[in-house]
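**Student:** Summarising the annotation, TrEMBL assigns domain 'Glycine transporter' to B:5-78, B:91-164. The annotation transmembrane segment is assigned in TrEMBL to B:6-23, B:30-50, B:62-78, B:90-110, B:116-136, B:148-166, B:172-195.
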Amino acid sequence: MVFQALDILGTIAFAISGVMTALNKRLDPFGIFIIAFVTAVGGGTLRDVLIGQTPVSWMEDLTVVYVISASVIFAVLLRKKLSYLSKSLFLFDTIGLGVFTLIGIEKGIASGLSPIISIALGAMTGTFGGVIRDILCNEIPVIFRKEVYAMACVAGGFSFFLLKELPIAENLVYILTALIVITIRILAVIFHLQLPSFYRNTQNKS
Amino acid sequence: MVFQALDILGTIAFAISGVMTALNKRLDPFGIFIIAFVTAVGGGTLRDVLIGQTPVSWMEDLTVVYVISASVIFAVLLRKKLSYLSKSLFLFDTIGLGVFTLIGIEKGIASGLSPIISIALGAMTGTFGGVIRDILCNEIPVIFRKEVYAMACVAGGFSFFLLKELPIAENLVYILTALIVITIRILAVIFHLQLPSFYRNTQNKS
Amino acid sequence: MVFQALDILGTIAFAISGVMTALNKRLDPFGIFIIAFVTAVGGGTLRDVLIGQTPVSWMEDLTVVYVISASVIFAVLLRKKLSYLSKSLFLFDTIGLGVFTLIGIEKGIASGLSPIISIALGAMTGTFGGVIRDILCNEIPVIFRKEVYAMACVAGGFSFFLLKELPIAENLVYILTALIVITIRILAVIFHLQLPSFYRNTQNKS
């Protein structure tokens, strides 16, 4: 299925972003693997724990474990060349964001939860891997400070429930939702969009 | 029910304390909302996860989501005036502590857990929202350093199980327990009470 | 049972390591207790939550609560003498690592999970108490930076599944696995073994 393939692209991108953060913090190989793993599966794991779907999903399907392991080995070996891949990685990461958001929303609906909570679960699936990564690396999570990252998930989530009301095929709803998340994220990065700041004299563009 | 109204007062106070911490850390609007949300529901969420009561409670009753959202908007708009409200906020926070402790104890008993564990769940419900808030903001949790906060919950918890042995109405047990937590907390703040320190030359009154 | 006795030795050592970290951070008595508790039971608690075995185990068997409480009182009273005990504490800690790893592996198997996930659960049980301790104390977890700690668990885990294939008694498999974890850990400390580093000019021996 196309979504599963895209899910794997996202997992790869998230794991590599974990490796890069861990290398930056000069962690040892074990630390690098854990940070990569947590970045890739942390959001979905937190979601599964909060809705009570245990054992959490990566325990019952080892694909994701293998994908992350391979991504870590690849990223560590090519660590000096990763900057050449930054555009591809950004694209993978953004596709992952869209697909993870959809998976979270779906799980919420399947658990009989309300649209608002399902949207929250979508955003959590997309973004909390990065939050846990930053906490383990002793940083204030970057998405709390200067990214439109999470807002793209939330906007996508609302669009999902609006699109579902339209007389269009279900698959189209999924594709459009993912595209909305991806488009907002890309536009935000291109145009340096940020959420409005409440602080004066703030210069926090990255 | 009066307890539910008090529960909401506590939720408001906890959410606002989250907003204030987040503003202090110069987080963006998304970060502010997440910190407020986690401060208000984090203790109860951790409790629910540890005892296996999932989906966690705020997923099935949106009242708390709306209360927190309104509190965040209110606190952000009035952020320069919040200091005028510090006494009311302290009172709400303290009422919240008492009520959250009771809710935690009750859930422990309802899950068939022992009094000691139920008391621990009461203290967790009252205090771990603040612990998670501080971790997300990259601080050592303040209640581990200089507050009689958690001890008020623990003392209230022991009182609860002692009072239950007395021939008094159940409602009275609840009210007295909450009052004990609230009184200890207020006295501790008025008289600058702290737990004994094991360190010399320590000057850590806030 | 001998394993339960060893489990308690490990709990004592982990709790005392928590007390020492907390004293170092100048936490108050409540903070010290929480850090000790989390260090001792955090790994097993995370494991239980992720596999859905709730209420988590320390809620239903208070032995561990009493053992930790006694360890905290002992360690705080003797805090100036603990350095004389450092060798015993290291031994207890290492025995705990071996036993906790076994318990985690067993729980994974009992939950019908694959060998790889069971090994991960063993390592998580042995090491994540320390990870949570470090996060609560606002440090990057030490096992991500310079310890062969987790690798000893992983090596023990693989040995366990290899030994199980041999025609030897089940008890012997358990004892050998624990001994492998313990031996690797002791050798690593004696010979200052570390995982290979990816960084130049790094001097991070403790």
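Counting begins at 1 with the first residue displayed.
From the backbone N, Cα and C atoms, a Cβ is placed for every residue, glycine too.
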**Student:** Applying the under-8 angstroms CB criterion, which one of B:116-136, B:148-166, B:172-195 scores highest with the transmembrane segment (B:30-50)?
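**Tutor:** Ranking B:116-136, B:148-166, B:172-195 by Cβ pairs under 8 Å to the transmembrane segment (B:30-50) puts B:116-136 first.
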**Student:** What average pLDDT is reported by the model for the domain 'Glycine transporter' (B:91-164)?
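**Tutor:** 89, rounded to a whole number.
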**Student:** What same-chain residues lie close to the transmembrane segment (B:148-166): Cβ under 8 Å, and 6 or more beyond its ends?
**Tutor:** 97-98, 101-102, 105, 115, 118-120, 122-123, 126-127, 130, 172-173, 176-178, 180-182, 184-185, 188, 193-195
**Student:** As a quick check of your reading of DSSP, tell me how many residues in the domain 'Glycine transporter' (B:91-164) are helical, how many are strand and how many are coil.
**Tutor:** 60 helix, 0 strand, 14 coil
**Student:** Under 8 Å for C-beta pairs, could you tell me which stretch among B:6-23, B:90-110, B:172-195 has the largest tally with the transmembrane segment (B:116-136)?
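**Tutor:** Of the candidates B:6-23, B:90-110, B:172-195, B:90-110 scores highest.
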